[in-house]
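K.L.:
Next up is a structure, given as structure tokens.
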Number of protein chains: 6
Amino acid sequence: MFGPDFTFLGVDRCDLTDPESFADADIVILGAPFDGGTSARSGARFGPKALREACYLPHDGSRPSLALRVDGLKDLRVYDAGDVECYSGDVETSIANIEEAVHTIASSGAIPLVLGGDHTLALPDARGVARHHGFGQVSMLHFDAHADTGNIEFGHLYGHGQPMRRLIESGAIRGDRFLQIGLRGYWPEPETLSWMAQQRMRSYEMTEIVSRGLETCLSEAFAIALDECEGVFLSVDIDVCDPGHAPGTGTPEPGGLSARQLLDSVRRICYELPVVGMEIVEVAPPYDHADITAYLGNRVVLEALSGMARRRHDAEHGTTWDPTRPLLDGR
Amino acid sequence: MFGPDFTFLGVDRCDLTDPESFADADIVILGAPFDGGTSARSGARFGPKALREACYLPHDGSRPSLALRVDGLKDLRVYDAGDVECYSGDVETSIANIEEAVHTIASSGAIPLVLGGDHTLALPDARGVARHHGFGQVSMLHFDAHADTGNIEFGHLYGHGQPMRRLIESGAIRGDRFLQIGLRGYWPEPETLSWMAQQRMRSYEMTEIVSRGLETCLSEAFAIALDECEGVFLSVDIDVCDPGHAPGTGTPEPGGLSARQLLDSVRRICYELPVVGMEIVEVAPPYDHADITAYLGNRVVLEALSGMARRRHDAEHGTTWDPTRPLLDGR
Amino acid sequence: MFGPDFTFLGVDRCDLTDPESFADADIVILGAPFDGGTSARSGARFGPKALREACYLPHDGSRPSLALRVDGLKDLRVYDAGDVECYSGDVETSIANIEEAVHTIASSGAIPLVLGGDHTLALPDARGVARHHGFGQVSMLHFDAHADTGNIEFGHLYGHGQPMRRLIESGAIRGDRFLQIGLRGYWPEPETLSWMAQQRMRSYEMTEIVSRGLETCLSEAFAIALDECEGVFLSVDIDVCDPGHAPGTGTPEPGGLSARQLLDSVRRICYELPVVGMEIVEVAPPYDHADITAYLGNRVVLEALSGMARRRHDAEHGTTWDPTRPLLDGR
Amino acid sequence: MFGPDFTFLGVDRCDLTDPESFADADIVILGAPFDGGTSARSGARFGPKALREACYLPHDGSRPSLALRVDGLKDLRVYDAGDVECYSGDVETSIANIEEAVHTIASSGAIPLVLGGDHTLALPDARGVARHHGFGQVSMLHFDAHADTGNIEFGHLYGHGQPMRRLIESGAIRGDRFLQIGLRGYWPEPETLSWMAQQRMRSYEMTEIVSRGLETCLSEAFAIALDECEGVFLSVDIDVCDPGHAPGTGTPEPGGLSARQLLDSVRRICYELPVVGMEIVEVAPPYDHADITAYLGNRVVLEALSGMARRRHDAEHGTTWDPTRPLLDGR
Amino acid sequence: MFGPDFTFLGVDRCDLTDPESFADADIVILGAPFDGGTSARSGARFGPKALREACYLPHDGSRPSLALRVDGLKDLRVYDAGDVECYSGDVETSIANIEEAVHTIASSGAIPLVLGGDHTLALPDARGVARHHGFGQVSMLHFDAHADTGNIEFGHLYGHGQPMRRLIESGAIRGDRFLQIGLRGYWPEPETLSWMAQQRMRSYEMTEIVSRGLETCLSEAFAIALDECEGVFLSVDIDVCDPGHAPGTGTPEPGGLSARQLLDSVRRICYELPVVGMEIVEVAPPYDHADITAYLGNRVVLEALSGMARRRHDAEHGTTWDPTRPLLDGR
Amino acid sequence: MFGPDFTFLGVDRCDLTDPESFADADIVILGAPFDGGTSARSGARFGPKALREACYLPHDGSRPSLALRVDGLKDLRVYDAGDVECYSGDVETSIANIEEAVHTIASSGAIPLVLGGDHTLALPDARGVARHHGFGQVSMLHFDAHADTGNIEFGHLYGHGQPMRRLIESGAIRGDRFLQIGLRGYWPEPETLSWMAQQRMRSYEMTEIVSRGLETCLSEAFAIALDECEGVFLSVDIDVCDPGHAPGTGTPEPGGLSARQLLDSVRRICYELPVVGMEIVEVAPPYDHADITAYLGNRVVLEALSGMARRRHDAEHGTTWDPTRPLLDGR
């Protein structure tokens, strides 16, 4: 929407108004250049452009993963549908447009992968997916420094601090299938925490993660996510990482995950769980330096696609991926 | 609204809900931290904070002008009413709130001076003033690289590319009392120019300004502005300056005025004309460097206040300001 | 002192010349905008402003900690006394003024919390506290990449490389109750190390911390700190963190703690030990990016206040804080 | 070549290996992402990408000029041939490839417009054009802070300090039809100046330009350029502008033209002279701020295209462009 | 003093403690890395390093001026004495050391050229020169946005806002031989202006400069400067330029000279007047971008040296420099 | 080569054309300011300057290591031979010059330590060393995010993506003594991995490092490195670190080592293994922030020298370094 029109690392383009153009898709990437829902720094509207672009390799639609020995862009059928028209000055129309686009993709059988944009998007993104798979049928794995469960802010129901409440209220996602990883800091206040507890959400604050270990927490969360749900929606707010690793974001909260931890977590999720939708949000290029946050966000997408591709490969071949295996010992 | 609460260079605070608090005001400053109407780079929401703060001198509510020998902050009664609550995701509510605040100030007899925010504000700012002085009674002096006379953008009537059309359509400002200074570049397209010509707007593109001289163009514009109008609204979009002088803005267009030219123009206007309202918009701190754009915007405000103060002083004392007089020859 | 006048995240203001204004204080925050003692990059004079401001949440004087379930700004009575007047060109007068202000606070029974400024401040900060609690009665927990135990530098006794020597020489702090965490790099030279050994200081260089574990080292240090001392002064030089996590500082030394490690350490100290004074120094905004260093420094303050608040809460209620407890299991 | 593949502001793409694809072209844009010839700061390899992209308006292949009342991208038939493969580590192969591409375009009857890259390109760019129009038949209008007439540098004949000497030596451009505008500073040394004088080059140093006026100098230069030559090659090194207006370049020299002066000069040249080839070089994005140098370079291209379009329009309609005519008085 | 030890663009080094080492000097360059006197942004301590280094040409001790056809570094005998040891935390000792060094140079018959550092230096710089040439015998040409005639600031007599008052009070420079160029903005307050008027200072505020023309003002000032004085001290505060041209400074004031105007003014002064001492101050690298302010400061020094060299050349050869002469018409 | 001429932190200078000048050297530092081989961002040509300079301590040729209790710059005889003349536009001549310089140093019995520049240098650096010690006699420890084993890129054999293949092909380094640490991401493609496997290279991708532990992987690699080889070449590409710790590089790949991990690894290698040559490459200052990448690179060099010095010390005194020993317990 802003600047030149190109696809994520050169994958093929599709057109949501033409179902034929993505009929064989495994994944459809969608940009949502909206930052009208931010409560502090804006700039995430340039996230889709930055995430599509931030790579020093040729934009050739191929990215063979060293770690997983698959090519997420070629082993899967990945399209980029371009950007949904978003007007940051009108949150309601924007989220309606986004939800419609996401639902169109999900309905086609493909996995929507949304490039944000601010976290307001979680509402249309996850609801668009849930409308296809069934309300309450999709669990949520939510990486973030913030719970995003506020009620009314600036007099509005919709914004980047409230989508998770709206999702639960609407029934799209069950509160007790809501898994949050990486929370920290000084928000929300106790009443909102009480509401969250009432919904039986499960939120892993950084203190618990440091004390018990990230891998342990993830494994526990995975078990909950799969209980009575058939699919998982993965929502990655880049501010789950420490500002040292992801400075280019709107509401940076010190003390977060390292980039390595986030990449490994995303890989595990997409390899071990049946992901049916995904979003990466809150990359705000005006605050980035040397594009390191955009690079990280780009790799989050690739790590996810590689994990999904390997998951499919292993399912088809009856193999298992072994993280301790040396790089040059063959696949 | 964002961050700590402080006033413009330390002037007294007032409360728009308490008319007593600004009953004796000559000027009331108002922040409008809204950037939801931007078509490209956002970030102007931090303009009010930056404009209030960008000065290396103590925030003591005093700024004696070397050039004009008055103190715009002390010789006039200046208050700061803080920020209007704006939610960038909801342009309609935001501009309604702003218009109401501006009208409240104008109705009190004070001059509203709005710190933006993006140029969407021109609609509520000038309309709020015109509601008090009478529709069609206030002419517009508009410094900008862009005409801001678009019709529908991103499917919306309101945004930073359209306020001037809305103002004229609504009758708040007469098309033939609309004076634009500094236009250049490649927007708008011919149909919009035709609409503008039909309204009998007078737009000084940079080519004309360079050919005929800025001072000549301004004098000509002043004569039009005063014809059948009793007051002038001054709208300064910081992008009227060259990006070398004002990099921190959303839609920079090379080839503009120098900072010196803008300051001198604002001074002339506020000294020579009956200004009844003013706004300074499109300062976008995330794109600024060493705060030079914010400093410039701050000085635009001070130059305006100094010009008004000197205008009053000369009216009261029957004196005239002489720009060639040496600094140390006394007032 | 520089720019607008506002308090730390909106807490109440007090006036050191008016004892009534902070008579009920638990904590009094004090800014010390001095960077005349820096041996390399200056800029820390803007530290107090940046530390008070660096947060994306409203400046409402409330910050409920997710991790500790207390509100450090509300459960304690916290005031901000503004900045001590410091002239960076005159180190001696500046530190005299600071020491007097700190002593005034400590004498009132409140805990002084100083926002620097460069590390020259450790001398007046810790001495001002020790004058109240008794010389030799307060132990020092000092987070830093550097020992700051130089003797004469640039021909002077006072500067940011020497405060710890001056403190020990003056008797304010016992050498054998001086605990340093995070040292590394190539300074000081052997003679100074010998002097430090003679004072029986205990300095944990990063190699030891990596080898033995930070938690182990801290526990060992805590035991020393409490031996024959009744209070602890916590001095945090932000450069204890790796430059990747804290680029905005004057003398960055690669290979430091992560932001997470620093926050957890500060929390443990303020929760487990009787802190009687604190300073956070060497945040240098001109070298910061996206304010991440200022954000980290702001969170160091909040983590400290939250730890103190929880310490008091548990003392009053006979409870214990459990870091492995899930966020939503209630307090 | 670096990153995604897109055309200059959305104009149509063509393929130099397919003559049909640009058979009807007036202009063919070509990127030359080469910075191996820089003697100081590199980074100009990202110039083509930045120049194609730096605009806040939609990339829709249309840019109606307010000043000239033509649309340079639509009134002319403009294609973008993408980037020539350049390897910055091999200057000789790179310039051979570029010259071939430029010659291909010129031979087709279209005007090549090259987006650099560093100024090494002037050699293949102007030679590729001269090969078609005849050696000695094309004069050179060269905007630059530097003469670029060095002989051997770093042991090499080819680099960004020497192309103008190579062009004259090769006979491609006559020395006495070489017009240089904007030189200043402390290079080259007297021997090179002597060589230049022997070639009867005409170089307007900034002192002469300030003393005599830019318009006067240009008019004088235009007369020389048209004497015995049928076409003009326009070479714009962005460092002809003052670093305040164009910080993003490799060898910034204070005291240059303003952006406005450069734009007006380019406009005059393309409107008044028969331009047969053009290049814009030395935009180095890593040193740019808020993209202001890239924006300026983009506008240099548009100003040139608009001037050419207006030149053609006036030739066809027997009209003349009047710079003093108000914007809204119709065409 | 900070970082590696090297000389201004590679000129020969000298040692102030060894008079032989600069016995034949025309000019001795001296660094004064002091920023303890700044009232706002610090960072000018890195000015000497930046000014010595900021050039893209080889550091070979030669810079042939295109404009003046002399080589300021070779036609004059120029040495660099390195930095005076300055401790920014102790203004009094620092200025004493600087004055002594400057006086040593002046006494040897050479012209001291001081690279600052903040403007506090004007006191020791000009006094060190006046001690040699006689108090009251040297006039002052002072380029600055600020008058620097404050009395007491932060409780101190010495700082970057007060040196000009101290110089006049001490009798080193006569008030009526104090010529200030470029003042503007909102400081100082009326009482200080009155004091200045009483001293019969002549200050050219930007309004007068714009109204009457810079060249006219300079010529007038030159006449005053030469009246009853035999030598001129040239003090250049880089903030005399507009922040667009010189962002890297501590107290930027919009609306100043262009870089071109400053360079031409410095050239005229050093060519037309008997300069006996010079300083360039307030270049603050932490706030610079792409080093453009440092480049400008470097060129101010070279322009000055070139002017002096040409002045000597013309005196020796009975020639006159003609600014309208084309570059390639020989000397 | 670029800017002023100074040595690494003030060590003595030597001249490669004068064997006497480094006859007693243990280490000779060499700059190679070449970035013509980069496939994406250039700028590493300024690496040598930045690496020599990036330290806040005096440039006095002394750096006593707190961790190792030796002074790498004084306990070893370290010289700096300045920069090899490199022209980035000519990779072949540049690498020939570098190889010759490295071989000259190695032949003298000293260890060459090359400051890059881009990774193209690995070819001349390691081959220059191997020519002295014998082809196949030196093993390679290679820290990098990338394998650098490409074949032809941009039509060329030489560039920063191919040096390791050229080294193995030439026989300089045995494929099965090639140890790579830190690989990750999406390059190279499977055929190149097959070629690597055929060479029996051993590459530790980050997944294996995280799974098995860095220390374990290093110990395993050390054993291989020493098998049938008498010396080790250490090649450090700064992009082995996470972009959060090393943003200033050309091809940043998220998810890498922390700065602490790299420093500890380099220390272990230089302490435990017989290093005969070393390089630190790909520090690209234009993309750095607050110089943190340059600081890290400077510390990599110091850590290496300190490790070598301690290795020699322990060999001479029969002692062993104990990382758990407290700092102040004496050596």
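Just so you know, glycine gets a Cβ as well, placed from its N, Cα and C.
So TrEMBL lists these for the protein:
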type    : residues                                                   : note
BINDING : D:His119, D:Asp144, D:His146, D:Asp148, D:Asp237, D:Asp239 : Mn(2+) binding site
K.L.:
Look up D:His146 (Mn(2+) binding site) in the DSSP assignment and reduce it to helix, strand or coil.
P.N.:
coil
K.L.:
Near the Cβ of D:Asp239 (Mn(2+) binding site), how many other Cβ atoms are there if near means within 10 Å?
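P.N.:
Result for D:Asp239 (Mn(2+) binding site): 29 neighbouring Cβ atoms inside 10 Å.
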K.L.:
Compute the centroid of the Cβ atoms of D:His119, D:Asp144, D:His146, D:Asp148, D:Asp237, D:Asp239, then list the same-chain residues not in that set whose Cβ lies within 8 Å of it, in sequence order, for the Mn(2+) site.
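P.N.:
Checked against the 8 Å cutoff, the neighbours are D:His142, D:Ala145, D:Ala147, D:His160, D:Val240, D:Thr251, D:Val281, D:Glu282.
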K.L.:
Of these binding-site residues, D:His119, D:Asp144, D:Asp148, D:Asp237, D:Asp239, which are close to chain E by the rule of a Cβ under 8 Å away?
P.N.:
none
K.L.:
Most Cβ neighbours within 10 Å: which of the binding-site residues D:His119, D:His146 is it?
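P.N.:
Output for this query is D:His119.
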K.L.:
Near the Cβ of D:Asp237 (Mn(2+) binding site), how many other Cβ atoms are there if near means within 10 Å?
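P.N.:
So the number of other Cβ atoms within 10 Å of D:Asp237 (Mn(2+) binding site) is 27.
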K.L.:
Within the chain of D:Asp144 (Mn(2+) binding site), which residues six or more apart in sequence place their C-beta under 8 angstroms from its C-beta?
P.N.:
D:His119, D:Gln180, D:Ile181, D:Gly182, D:Leu183, D:Ser235, D:Asp237, D:Asp239, D:Val240
K.L.:
Excluding near sequence neighbours, so keeping only residues 6 or more apart in the same chain, what lies with its CB under 8 A of D:Asp148 (Mn(2+) binding site)?
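P.N.:
Within the chain, D:Asp148 (Mn(2+) binding site) has Cβ neighbours under 8 Å at D:His119, D:Ala122, D:His142, D:His160, D:Gly161, D:Gln162, D:Pro163, D:Met164, D:Arg165, D:Asp237.
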K.L.:
In terms of DSSP three-state secondary structure, what is the assignment for D:His119 (Mn(2+) binding site)?
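P.N.:
DSSP assigns D:His119 (Mn(2+) binding site) to helix.
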